[in-house]
Every structure is written in structure tokens, then in C-alpha cells.
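Okay, so here's the structure we're looking at.
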Amino acid sequence: MKPSFEELKEKLKQRNIHLSYQRLRVLEYLVQNRCHPTVEQIFSDLQKSISTLSKTTVYNILKILVEAGVVRVITIEDYETRYDIEVENHGHFKCKSCGTIYDFNINFDLLNSADLKNFKISDKNVYFKGICPRCLSNINETNEVKGD
């Protein structure tokens with residue numbers, strides 16, 4: 001279930017987190033843009049309407065939202081940290097052609113391994129990379145035009 005802006009605001013209030021204008025705008029952005037944005041994307045888009053916003057402020061707000069449990073950090077590529085408003089366990093697929101990240105449901109209970117029975121697992125992530133259906137369709141259309 002994808003959380004609503006109001007539900008997330010209520011969670012933050014319950015955790016005694018001050019709902020400043022900038023925090024609310026970042027939270028609202030994440031709810032409205034479920035594209036797993038980077039700090040740079042969030043900053044670039046919000047700076048247009050919040051002239052006092054800094055990239056450091058965005059980092060700090062995201063840190064607070066992550067610690068409050070309303071936002072999840074995802075790192076599919078080593079060089080790129082993204083943020084997900086959906087914190088329940090689910091998988092991610094990143095298209096190597098267009099860069100879009102898709103959410104998909106997966107049963108994390110089936111991912112337990114006897115090899116890890118003596119380990120304490122603190123986080124589970126499932127990431128797939130490949131080509132999405134839209135890009136595959138475009139590749140197939142291009143090949144048909146070329147006569148391949």
C-alpha cells in the first residue's frame with residue numbers, strides 16, 4: 001500500500017518531528033514523484049519554488065525522514081543513492097536503457113537461507129537490472145525498421 005501525504009504527516013507528528021515548510025515540501029515531492037529520486041533531482045525540482053532551499057537542507061531532511069521510517073534509502077548503483085517513499089519490503093528493477101526504477105512485489109520470507117542462520121540480518125534488498133518492456137519494444141521497433 002502506498003502511503004498518502006496525510007498518513008506520512010501523521011507518522012511524523014507521532015514521532016514529534018517538527019513539520020517545517022521545507023520538510024513538508026520534500027515529503028510531498030516524494031509522495032507525488034514515486035520515481036525513486038536522487039537528492040539532486042529533489043533539490044533541482046524544489047529549488048524553483050523554494051529559493052532558500054539548499055542541497056544540504058535536502059540531505060538533512062531526507063536523513064530525518066529515513067530515521068523516522070517514512071522514507072527508505074535504495075542504492076542500486078554504487079554511485080547513486082535514491083529515496084523511496086514506499087518503505088514496506090518490495091523489490092526494484094532498474095532499466096539499463098532508460099534508467100527508470102520499477103517497484104515489484106516479492107515474498108521476502110522466501111529469501112531466507114540456511115547458510116545465514118547464524119547471522120543477524122538487518123536489511124533485505126532485492127534489485128534486478130535489465131531492459132524494461134517499453135525499451136524492449138523500442139529496440140524491437142528499431143530493429144524491424146532496419147530490417148534486422
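Backbone N, Cα and C define each Cβ position, glycine as well.
Any TrEMBL annotation is an automated prediction that lacks curation.
Feature annotations, reproduced from TrEMBL:
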type: BINDING; residues: Cys95, Cys98, Cys132, Cys135; note: Zn(2+) binding site
Cβ-centroid neighbourhood (8 Å) of the Zn(2+) site, Cys95, Cys98, Cys132, Cys135 excluded: Lys96, Ser97, Gly99, Thr100, Ile131, Pro133, Arg134, Leu136
Residues near Cys132 (Zn(2+) binding site) in space but at least six apart in sequence (CB under 8 A): Phe93, Cys95, Ser97, Cys98, Thr100, Tyr102
Other C-beta atoms that fall within 10 angstroms of the C-beta of Cys135 (Zn(2+) binding site): 16
Binding-site residues (Cys95, Cys98), the one with most neighbouring Cβ atoms at 10 Å: Cys95
Assigned conformation of Cys135 (Zn(2+) binding site) - DSSP reduced to three states: helix
